[in-house]
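*Asks:* As annotated in TrEMBL:
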- 9-30: transmembrane segment (TRANSMEM)
- 50-67: transmembrane segment (TRANSMEM)
- 88-113: transmembrane segment (TRANSMEM)
- 198-220: transmembrane segment (TRANSMEM)
- 259-280: transmembrane segment (TRANSMEM)
- 287-307: transmembrane segment (TRANSMEM)
- 313-333: transmembrane segment (TRANSMEM)
- 354-384: transmembrane segment (TRANSMEM)
Amino acid sequence: MKNIRFRTYIYWGITAILVIGVSVAFVFLMIHIDKVKHGVDILLNILRPIIYGAVLAYLLNPVYNKAGNAVSRALGKKNMGEKQVRTISKLCATIVSLAVLFAIVAGLISMLVPQLISSVTGLIQTLPSMLYNLELRIAALFAGDQGSSQAVVEVYNQLSMYIEEWVSTRLTPNLDKIISNVSSGLWSGVVVNVSTKLWSMVIILKDALIGIIVMVYLLNIKQTFEAQGKKIIYGVFPLAIANKVIGEIRFIHHVFGGFIIGKIVDSIIIGILCFIGVSLMNMPYPLLISVIVGVTNVIPFFGPFIGAIPTGFLVLLVDPIKCIYFLLFILLLQQFDGNILGPKILGDSTGLQSFWVLFSILLFGGLFGFVGMIIGVPTFAVFYRMVKEGVESSLKKKDLSSYTDDYRGLNYIDEEKKTFMKD
């Protein structure tokens, strides 16, 4: 009896110490939140190449697996040792993965960058004249109503002034600084500016190179890491809990892999369809518009709206009538994506209702920006499933139904008979 009481005291004592420790740590973090953020930023900067490599390895893992399996099957028909087959298949799979990565990067750079630079440069040069022509069209549209015409033109003038100021101060600040420094003879400013840009490029190239090396290592030793991870899990946790943890990790991989890779494929298809459509409709800046629409389409729910606003404004500057047709085309394209293409590619990969999709995008987007808007849905889907399984497990222990429909209109549950009493 004394031993049981002593163990109870020990249990509650340890629990109290843990609660107090966690509370103190939380208060400390809140007080020194700026220092914590600064420390996290430093850590992320140090780990940036490893993060790049891990992301690339995860995205190229299907390519690596298919190439490796194909080579293994081909070599399996020959009289070769298992170790030799594994070595050759890994080498070939690595070469194929690197070739795919470099082909994608080279293709994007060769196809997109020159045309994007040309489109943006042409837009900057013709922006004042396009704004002036648009002002004339608005004035002509409200020519019969002097009051409305004056109000609309006044609002438009303020908007155009803001746009021109943004282009001159935000879009091309470095070019203006270099020209100003050269014209005034301040070569030191040019040297500092150029050296800073060159150093930034060196850092980016260094991180990219290390990231590719990390990617190669991760792809080739992923099975060893997987085995070591399982070994640690089964060594630390009881068998039942360890099996549960392994199952949850598989679910996380299924959700993230299915959603992110599927969303990338979906967005590429939407970008291509957008390019074909706007080209057939003779819209201005077809490649620039298609890239914006395709990239923003990666973001669930809000992506189509985020992409339609700047692209629609670009078309509006050139031809207001075409802008209407363009917005209708984007609406039809997104309806096709949301109701036909997206479900075919993604399926029900997350299992979330529309409200929770919106909630997760707003939450993670506010915390982590653009990246948070992309990973928010699968991350919340994992959390949602864990909570759901925990609740259903608790209901099962109480011999209660786990079906949501059984709780619609529920007044109370009879404590003895476990009968659902409804209104």
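Glycine is treated like the rest: Cβ placed from N, Cα and C.
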*Asks:* For the transmembrane segment (259-280), give me same-chain residues lying six or more residues beyond its boundaries with a C-beta closer than 8 angstroms to one of its C-beta atoms, as numbers and ranges.
*Replies:* 59, 62, 286-287, 289-291, 293-295, 297-298, 300, 326, 329-330, 333, 336-337, 341-342, 345-347, 349-350, 374-375, 377-378, 381
*Asks:* Checking distant contacts: for the transmembrane segment (9-30), what same-chain residues at least six beyond its ends satisfy Cβ-Cβ under 8 A?
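*Replies:* Counting only partners 6 or more residues beyond its ends, the transmembrane segment (9-30) has Cβ contacts under 8 Å with 36.
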*Asks:* Would you say the transmembrane segment (50-67) and the transmembrane segment (198-220) are in contact under the rule of three or more C-beta pairs closer than 8 Å, pairs 6 or more apart in sequence?
*Replies:* yes
*Asks:* Tally Cβ pairs under 8 Å between the transmembrane segment (287-307) and each listed stretch (50-67, 313-333, 354-384), then give the stretch with the top tally.
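*Replies:* Of the candidates 50-67, 313-333, 354-384, 354-384 scores highest.
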*Asks:* Can you tell me which parts of the same chain pack against the transmembrane segment (50-67), counting only residues 6+ beyond its ends and a CB-CB cutoff under 8 A?
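*Replies:* Contacts of the transmembrane segment (50-67) (Cβ under 8 Å, skipping residues fewer than 6 from its ends): 44, 92-94, 96-97, 100-101, 207-208, 210-215, 217-219, 222, 256-257, 260-261, 264.
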